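J.: Look at Swiss-Prot and you will find 3-56 tagged as domain 'ClpX-type ZB', backed by sequence analysis. Sequence annotations record features per position, and here Swiss-Prot assigns Zn(2+) binding site to CYS15, CYS18, CYS37, CYS40. What Swiss-Prot records for PRO119, THR120, GLY121, SER122, GLY123, LYS124, THR125, LEU126 is ATP binding site.
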Amino acid sequence: MTKVGGSDSKNTLYCSFCGKSQHEVRKLIAGPTVFICDECVELCMDIIREENKSSLVKSRDGIPTPREICKVLDDYVIGQPQAKRVLSVAVHNHYKRLNHATKHNDVELAKSNILLIGPTGSGKTLLAQTLARILDVPFTMADATTLTEAGYVGEDVENIILKLLQASDYNVERAQRGIVYIDEIDKISRKSDNPSITRDVSGEGVQQALLKIMEGTVASVPPQGGRKHPQQEFLQVDTTNILFICGGAFAGLEKIISTRGKTTSIGFAASVQAPDDRRTGEIFRKVEPEDLLKFGLIPEFVGRLPVIATLEDLDEEALKKILTEPKNALVKQYQRLFEMENTELTFQDEALNVVAKKAIERKTGARGLRSIMESILLDTMFDLPGLDSVEQVVIGPDVVEGKSRPLYIYAERNEKSGTSA
């Protein structure tokens, strides 16, 4: 235990690891001869988590097992068990295919690119970001909305492979074993069912440009980013063993799926179609390739994405877990902000239920949670820096619904302040 001279500090306890006093931390845990603060405990847990991530259980071939990959995804992403299983198996098979290519020449194992379909805020991008943390192969994420056909303002599709090269420190051999996630893939859908006489340079044109690199070709990649340096030497990258995962919200696809096979009629004898009350994620489970064609993807592009995984709408329980359970959960973030004002922020359990219900009503998934939390805490965060001795702020369900103000608990007088709206 760290000792500091002076009569005022004789009874003050200090963390034996970081040296902070009991007044500078939330908790100080006592051992036989030492003390450790909550911040050092959290730091130790982070170190252990990192060690666990880097030591995934290996199967007989030295490959991470699908179950272990899925378990790591569970630590960071709430819900979506089916999508996690699909991704875990795909990554496991990707490793196996790479090992097989170096040992056998009899049967060539083709890759199975993946299409992730799910409502906005359901966790598609977060799943990809989590995969990037735990994989031993190079991984990169690209945004389909920035891509255009070659010769037009925007990024060429070869820039995706350039990002993969950068992720592998320009080691071409490693880059050729990597995984690419292309986000917002639904934004490059064809603008109409019928081919247009004008060029669709950011839609169908991009799909056609992606065909060869997704299937497997030797791409010429400009190491300095392409169009501004026409004299540079190109790197040759074989994309045959690069796994492509595409994700998108596909807004409007649920209507195409719901109306598939239904005949339309008019007049007095027309049959009245009942509205589909199913949630978006539930409808997505019934998706067929023909629905994607109607949405605006070209047949050749759909054919290069043989594995389709759909994500569910997040229900109230899942949204509540997202608020509190992950390492960077929203409630923990705001609690840390309030700690900087020496104030403890507490959410009642029923208040979290109301927040989750509001997010479901907004139909923005987990992304809507931050907006709701900001509106709840705005006035409190505005007033708090100018108030003295506020020890605790309590948020109840009425506060979330806008019926009352947060409850302020003061340290010295132990007074409670909270007025109804």
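Yeah, the Cβs are placed from backbone N, Cα and C, and that goes for glycine too.
Neighbours and distances for these, please.
T.: Just so you know, the Cβ of CYS15 (Zn(2+) binding site) picks up 23 other Cβ atoms within 10 Å once every protein chain is counted.
Mapped onto three states, the DSSP output places SER122 (ATP binding site) in coil.
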J.: Pop the mean pLDDT for the domain 'ClpX-type ZB' (3-56) in here, whole number is fine.
T.: 77
J.: Whole-number answer please: how many Å between the C-alpha atoms of THR125 (ATP binding site) and CYS40 (Zn(2+) binding site)?
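T.: Cα of THR125 (ATP binding site) to Cα of CYS40 (Zn(2+) binding site) measures 31 Å after rounding.
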J.: In whole Å, how far does the CA atom of THR120 (ATP binding site) lie from that of CYS40 (Zn(2+) binding site)?
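T.: THR120 (ATP binding site) and CYS40 (Zn(2+) binding site) have their Cα atoms 37 Å apart.
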J.: In angstrom units, rounded to an integer, how far apart are the Cα atoms of CYS40 (Zn(2+) binding site) and LEU126 (ATP binding site)?
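T.: Cα-Cα distance, CYS40 (Zn(2+) binding site) to LEU126 (ATP binding site): 27 Å.
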J.: What is the number of other Cβ atoms found within 10 Å of the Cβ of CYS18 (Zn(2+) binding site)?
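T.: CYS18 (Zn(2+) binding site) is surrounded by 14 other Cβ atoms within 10 Å.
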J.: Find the shortest Cα-Cα separation between CYS15 (Zn(2+) binding site) and the binding-site residues PRO119, SER122, GLY123, LYS124, LEU126, and name the residue that gives it.
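T.: Closest by Cα distance to CYS15 (Zn(2+) binding site) among the binding-site residues PRO119, SER122, GLY123, LYS124, LEU126: LEU126.
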